[in-house]
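Colleague: Residues annotated as signal peptide in Swiss-Prot: 1-19. Residues annotated as domain 'Ig-like C2-type 1' in Swiss-Prot: 21-108. The disulfide bond annotation in Swiss-Prot covers Cys42-Cys93, Cys136-Cys186, Cys232-Cys281, Cys322-Cys380, Cys422-Cys475. What Swiss-Prot records for 113-202 is domain 'Ig-like C2-type 2'. What Swiss-Prot records for Asn177, Asn219, Asn309, Asn406, Asn419, Asn445, Asn474, Asn562 is N-linked glycosylation site, and it gives sequence analysis as the kind of evidence. Feature annotation from Swiss-Prot assigns domain 'Ig-like C2-type 3' to 208-297. The domain 'Ig-like C2-type 4' annotation in Swiss-Prot covers 302-396. Sequence annotations record features per position, and here Swiss-Prot assigns domain 'Ig-like C2-type 5' to 401-491. The domain 'Fibronectin type-III 1' annotation in Swiss-Prot covers 495-591. Per Swiss-Prot, domain 'Fibronectin type-III 2' is recorded for 593-688, and the stated evidence type is sequence analysis. What Swiss-Prot records for 698-718 is transmembrane segment.
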Amino acid sequence: MSLLLSFYLLGLLVRSGQALLQVTISLSKVELSVGESKFFTCTAIGEPESIDWYNPQGEKIISTQRVMLQKEGVRSRLTIYNANIEDAGIYRCQATDAKGQTQEATVVLEIYQKLTFREVVSPQEFKQGEDAEVVCRVSSSPAPAVSWLYHNEEVTTIPDNRFAVLANNNLQILNINKSDEGIYRCEGRVEARGEIDFRDIIVIVNVPPAIMMPQKSFNATAERGEEMTLTCKASGSPDPTISWFRNGKLIEENEKYILKGSNTELTVRNIINKDGGSYVCKATNKAGEDQKQAFLQVFVQPHILQLKNETTSENGHVTLVCEAEGEPVPEITWKRAIDGVMFSEGDKSPDGRIEVKGQHGRSSLHIRDVKLSDSGRYDCEAASRIGGHQRSMHLDIEYAPKFVSNQTMYYSWEGNPINISCDVTANPPASIHWRREKLLLPAKNTTHLKTHSVGRKMILEIAPTSDNDFGRYNCTATNRIGTRFQEYILELADVPSSPHGVKIIELSQTTAKISFNKPESHGGVPIHHYQVDVKEVASETWKIVRSHGVQTMVVLSSLEPNTTYEIRVAAVNGKGQGDYSKIEIFQTLPVREPSPPSIHGQPSSGKSFKISITKQDDGGAPILEYIVKYRSKDKEDQWLEKKVQGNKDHIILEHLQWTMGYEVQITAANRLGYSEPTVYEFSMPPKPNIIKDTLFNGLGLGAIIGLGVAALLLILVVTDVSCFFIRQCGLLMCITRRMCGKKSGSSGKSKELEEGKAAYLKDGSKEPIVEMRTEDERITNHEDGSPVNEPNETTPLTEPEKLPLKEENGKEVLNAETIEIKVSNDIIQSKEDDIKA
């Protein structure tokens with residue numbers, strides 16, 4: 001607008017021919033924030049000789065780096081960089097023409113201060129328990145409104161009177177604690193400008209150290225190279241620094257002291273007497289310090305100085321010495337490790353061979369007439385009220401060689417190699433040699449004689465080639481304690497002598513069990529088996545039967561009934577077969593009737609019972625058949641009989657009654673006659689759950705659910721069909737009406753359907769004829785008054801056969817539950833379902 005006015009005035013001057021001087025400034029009033037920059041343009045219309053700027057103090061402005069002047073023809077630009085409060089005021093732009101006439105224009109510059117946070121420190125730290133003042137210096141023009149927020153909530157709204165905003169806008173927290181730690185927001189607002197700014201200040205609460213010393217008293221043993229670790233842990237915030245002091249002096253790590261875990265562990269090494277006393281642990285951080293002391297008590301623990309292994313000879317004398325020191329002087333005890341027997345000063349063993357003698361810190365264990373059982377480990381224990389020390393030694397007893405095995409007699413024969421073992425124990429170990437007479441074995445030209453060592457044994461392997469190899473052999477064992485020898489004899493083995501005491505212990509028509517006693521001599525070689533020869537008296541040929549191993553009992557089978565046999569027994573070893581025993585004669589039993597059969601039974605499937613026949617005495621002739629008679633016990637019915645082939649091992653009784661008791665007699669028959677009957681009684685179980693035991697037995701859950709759904713659908717279909725025929729309603733009737741448009745009831749047969757009198761039979765099926773009647777339609781039987789079926793168009797001309805059941809009162813009735821109706825060749829036949837077999 002001012003620019004247009006200038007051009008307008010310029011036009012007037014040109015038009016009037018006069019050059020009047022006019023000055024304008026682009027802005028008349030400006031608000032500027034401290035630190036911002038701004039420029040102003042002054043335009044002089046006319047013929048200005050100069051254009052100058054004057055500051056609010058009236059001083060002519062000279063261009064500087066911060067306040068800069070730029071002239072462009074009739075324009076002069078004043079630029080103020082980084083304005084401050086002192087720059088506020090009225091600035092004048094003055095133009096001067098050649099005649100010295102001046103014109104000026106002014107601009108008002110207002111400087112305001114934005115929200116300014118000065119020297120805001122974060123984090124700010126305080127000591128727990130003190131009254132804290134969180135400093136936040138904020139200024140602006142006009143003065144700001146300051147608020148504090150903690151966890152996005154103004155502290156003035158927190159229900160804790162420990163928080164308050166002071167007049168200097170600082171936040172006061174009384175009795176500050178660790179839970180007050182966090183980030184606090186100092187927020188300033190200038191309502192006039194809608195200006196807002198904030199600073200987040202981290203508040204840290206320092207907690208003075210608190211020392212935790214799990215153990216304050218320690219015991220240690222001096223001058224034994226031991227070490228002791230003192231533990232000092234401290235809590236606090238920030239983590240405290242731990243230092244150890246001894247006699248007021250700071251402990252530093254060296255050969256004596258080891259510091260670990262940020263000085264939480266002090267290890268005192270190579271403890272000596274002067275290391276005893278107090279050790280002070282001091283913990284320090286910004287919030288303060290804490291200290292506690294631990295006490296190290298140094299003792300001289302028992303220590304065994306002298307204990308060494310000893311060696312002695314069998315039947316000799318030895319003294320075991322144990323010396324120990326300590327403060328107080330320890331007591332010394334001995335323990336024999338092999339049996340745990342303890343020996344103290346003055347003790348003696350029951351046999352008087354072992355005795356303990358002792359004096360100040362020294363104990364001696366005396367053993368006389370040393371036995372091999374005295375060898376082994378001995379423990380010496382030195383103990384006092386402050387501890388103990390234990391060491392072990394070994395008593396080694398040397399002795400001359402001893403032969404372990406008592407077997408000195410061996411048997412073999414020519415061509416049969418044998419090993420003779422010389423088992424020797426000795427301390428120190430012995431050297432073992434085999435000799436025959438004075439010849440050291442093995443010798444030249446004795447390839448059939450070999451020796452080899454296996455552990456402490458020296459094996460002599462002999463493969464006899466002649467009688468000269470049988471005889472005496474000598475095993476000699478030698479160590480520095482002595483020499484021992486033992487003689488071994490190799491005898492020529494023989495076949496066993498004859499068994500004796502042969503007798504028959506069991507006899508039947510076809511088998512015989514014999515027993516006998518072992519022979520008095522096995523010939524020097526173990527018996528392999530026994531051979532039993534058997535033949536008929538009139539026969540020349542012996543049949544050979546071998547025993548199972550060395551059993552002295554043999555069963556002869558496949559014999560002929562009522563026949564006389566001869567038997568003899570011989571023992572067989574590696575050398576061969578021995579002499580036979582004397583011949584024994586026996587006669588098998590004649591063929592006779594079989595013995596009563598042995599049986600046991602169990603319920604079978606359905607209404608049947610299974611009787612199993614165990615193997616029995618058939619009397620010497622095969623069983624031809626079993627005659628089975630059975631009847632119910634409850635009603636004492638007539639006996640029912642069935643026959644089973646003799647080669648069967650079980651009998652099945654069928655068509656029995658549930659929960660009924662039965663009596664059974666079973667007789668076995670062979671070609672000579674019948675056995676005595678075996679009587680057996682049993683009771684049938686109750687009737688099972690048909691659905692559970694038949695339909696669902698072994699089916700999975702899915703199959704059972706499927707069957708249930710199928711059954712439900714079947715019930716719905718049957719119900720709908722019944723409604724169709726009886727009530728002329730239901731889904732099927734609805735479909736029929738829709739398809740046919742009228743009821744299917746015009747025939748005489750439909751009329752009978754409505755009256756419920758017609759019977760229906762499925763084409764080609766074997767399902768029973770089902771007759772429908774109303775309740776009042778009954779025809780009485782002329783004989784017993786029972787209802788009978790009224791003839792109709794579907795009734796067969798022949799009456800069905802009825803099998804009556806007899807009740808206890810003798811009256812014959814027709815039980816509906818026992819009738820099974822079948823259709824065959826257009827004739828209905830009825831029969832009883834539960835027929836007694």
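Using the three backbone atoms N, Cα and C, a Cβ is placed for every residue, glycine included.
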Colleague: Taking Cα atoms as reference points, which of the glycosylation sites Asn309, Asn406, Asn419, Asn445, Asn474 is nearest to Cys186 (disulfide bond)?
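Modeller: Out of the listed candidates, the nearest Cα belongs to Asn309.
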Colleague: Looking only at residues six or more beyond either end of the transmembrane segment (698-718), which have a C-beta under 8 A from one in the stretch?
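Modeller: Those are none; the list is empty.
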Colleague: Per DSSP, what is the helix/strand/coil residue tally across the domain 'Ig-like C2-type 3' (208-297)?
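Modeller: Its residues fall into 3 helix, 54 strand, 33 coil.
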Colleague: Name the secondary structure element type, per DSSP in three states, that contains Asn445 (N-linked glycosylation site).
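Modeller: DSSP call for Asn445 (N-linked glycosylation site): coil, neither helix nor strand.
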Colleague: Taking Cα atoms as reference points, rank the recorded positions Cys281, Cys322, Asn419, Cys422, Asn474 by distance from Cys136 (disulfide bond) and give the first.
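Modeller: Sorting the recorded positions by distance from Cys136 (disulfide bond), the top entry is Cys281.
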Colleague: Near Asn562 (N-linked glycosylation site), which residues of its own chain have a C-beta under 8 A away, given they sit six or more steps off in sequence?
Modeller: Gln509, Gln587, Thr588, Leu589, Pro590, Val591, Gly620
Colleague: Between Cys475 (disulfide bond) and Asn406 (N-linked glycosylation site), what C-alpha distance do you get in Å?
Modeller: 13
Colleague: Let me know how many other Cβ atoms fall within 10 Å of the Cβ of Cys281 (disulfide bond).
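Modeller: Its Cβ has 25 other Cβ atoms within 10 Å.
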Colleague: Just checking, which of Cys42, Cys136, Cys380, Cys422 (disulfide-bonded residues) has the fewest C-beta atoms within 10 Å of its C-beta?
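Modeller: Comparing Cβ neighbour counts within 10 Å for the disulfide-bonded residues Cys42, Cys136, Cys380, Cys422 gives Cys380.
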Colleague: Using DSSP with the three-state reduction, classify Asn177 (N-linked glycosylation site) as helix, strand or coil.
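Modeller: Looking at the DSSP assignment, Asn177 (N-linked glycosylation site) belongs to neither helix nor strand, so coil.
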Colleague: What is the interatomic distance between the Cα atoms of Asn219 (N-linked glycosylation site) and Asn474 (N-linked glycosylation site), given in whole Å?
Modeller: 67
Colleague: Looking at Cβ-Cβ distances, which residues of the chain lie under 8 angstroms from Cys93 (disulfide bond) while being 6 or more apart from it?
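Modeller: In sequence order, the residues whose Cβ lies under 8 Å from that of Cys93 (disulfide bond) (at least 6 apart) are Val23, Ile25, Phe40, Cys42, Ile51, Asp52, Trp53, Ser76, Leu78, Glu104, Ala105, Thr106, Val107.
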Colleague: Considering Cα atoms only, can you say which of Asn309, Cys380, Asn406 is the nearest neighbour of Cys422 (disulfide bond) among these recorded positions?
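Modeller: Comparing Cα positions, the closest of these recorded positions turns out to be Asn406.
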Colleague: Within 10 angstroms of the C-beta of Asn474 (N-linked glycosylation site), what count of other C-beta atoms is obtained when all protein chains are considered?
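Modeller: There are 17 such Cβ atoms around Asn474 (N-linked glycosylation site).
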